[in-house]
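First up is the structure itself, then whatever we jot down about it.
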């Protein structure tokens with residue numbers, strides 16, 4: 001019996017060596033960090049048992065649709081804990097971090113997706129282009145366009161061969177309009193970041209023409225062509241492109257009642273918010289004041305915490321007032337009672353908009369001195385801030401200071 005006991009004891013160390021070392025990943029960690037890591041591993045295992053990756057991504061999408069991006073991060077990260085190479089999860093995580101303003105983490109997610117699948121999926125390259133500036137941005141957009149064109153070529157080959165895409169994937173298929181939008185992004189860089197470089201104007205025009213080649217009714221491409229033409233002092237041609245662009249989306253947006261399907265289709269044609277700020281500025285420059293007012297009203301309804309939109313709304317009302325006065329003086333007649341009322345309304349509207357611009361500028365702690373100086377000048381001519389609206393507003397707990405980058409997205413203020 002004693003010999004058998006000895007044999008058992010000598011076998012124990014061998015069995016122990018074959019066991020996985022549960023504490024291998026905890027070397028160098030504090031007790032608190034070990035507890036946290038164990039809890040994370042336990043939660044990861046529980047998620048894998050309780051939810052599939054697809055279910056976790058569906059939960060992520062629900063949170064994103066309701067703008068609960070903090071919760072969306074948790075669900076998306078759980079999905080990646082279960083399947084770290086899931087491309088859809090990486091794309092979603094990058095998008096969520098972009099919405100939260102965490103550029104570094106967004107970049108990390110998208111670059112990981114590029115590393116895993118460089119030849120498929122153009123969206124990651126589009127987001128990386130947005131995150132970067134200058135030549136780096138151009139390179140990412142260009143790579144995204146190459147992926148897009150390759151995907152479109154495959155679609156064309158499948159169509160010729162009689163093969164159809166699965167019905168549930170139709171919504172994800174790239175289109176010629178996606179190519180057009182990507183070329184617009186490159187053209188805009190040559191119109192802004194690279195505007196002082198030699199040959200920038202020609203490059204800008206080249207990419208706008210490519211954008212229109214792939215989607216001739218792209219409002220953003222038409223507006224970029226208008227901006228390019230205005231910058232080269234071909235104002236009449238620029239005005240024609242501008243009005244054609246606006247006509248594609250503004251009338252539908254102004255309709256107060258529209259069937260859901262029509263509304264969804266219309267929203268897909270409406271240019272991005274920053275692009276519509278530029279639309280308003282170009283319309284003001286073209287003296288299309290009423291149309292500019294319509295665009296600005298839509299922007300305020302969508303987001304009423306953008307200083308530049310309040311400022312432009314006040315500026316256009318002031319210009320309407322000045323134009324009406326000049327016309328009356330040219331005609332050399334007495335001011336009618338109706339004109340007096342109209343002028344008073346325009347002055348009060350301008351004061352109200354500009355007062356709100358001043359309040360918001362202070363609230364968001366913006367740093368765009370040219371806008372503030374012009375706001376002060378206009379308010380001085382109009383009789384000062386509106387009574388009862390001058391005091392500084394209380395800051396929201398979750399406010400974010402206004403950055404120069406955000407203002408630059410909508411281009412610099414107009415010259416006065």
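Every residue, even glycine, has its Cβ placed from backbone N, Cα and C.
Those TrEMBL annotations? Automatic predictions, nothing curated.
Since the structure is predicted, the reported quantities are computational estimates derived from the model, not experimental observations.
The compositional bias 'Basic residues' annotation in TrEMBL covers 1-17. Per TrEMBL, the feature region 'Disordered' maps to 1-31, 383-416. TrEMBL lists 87-120 with the feature repeat 'TPR'. Under the heading compositional bias 'Acidic residues', TrEMBL lists 387-416.
Distant neighbours of the repeat 'TPR' (87-120): 53, 56-57, 60-61, 64, 69-70, 72-73, 76-77, 79-80, 127-128, 130-131, 147, 150-151, 400; these residues of the same chain sit at least 6 beyond its ends, with a Cβ under 8 Å from one of its Cβ atoms. When the repeat 'TPR' (87-120) is classified with DSSP, helix, strand and coil residues number 28 helix, 0 strand, 6 coil. Looking only at the repeat 'TPR' (87-120), the predicted model's pLDDT averages out at 94.
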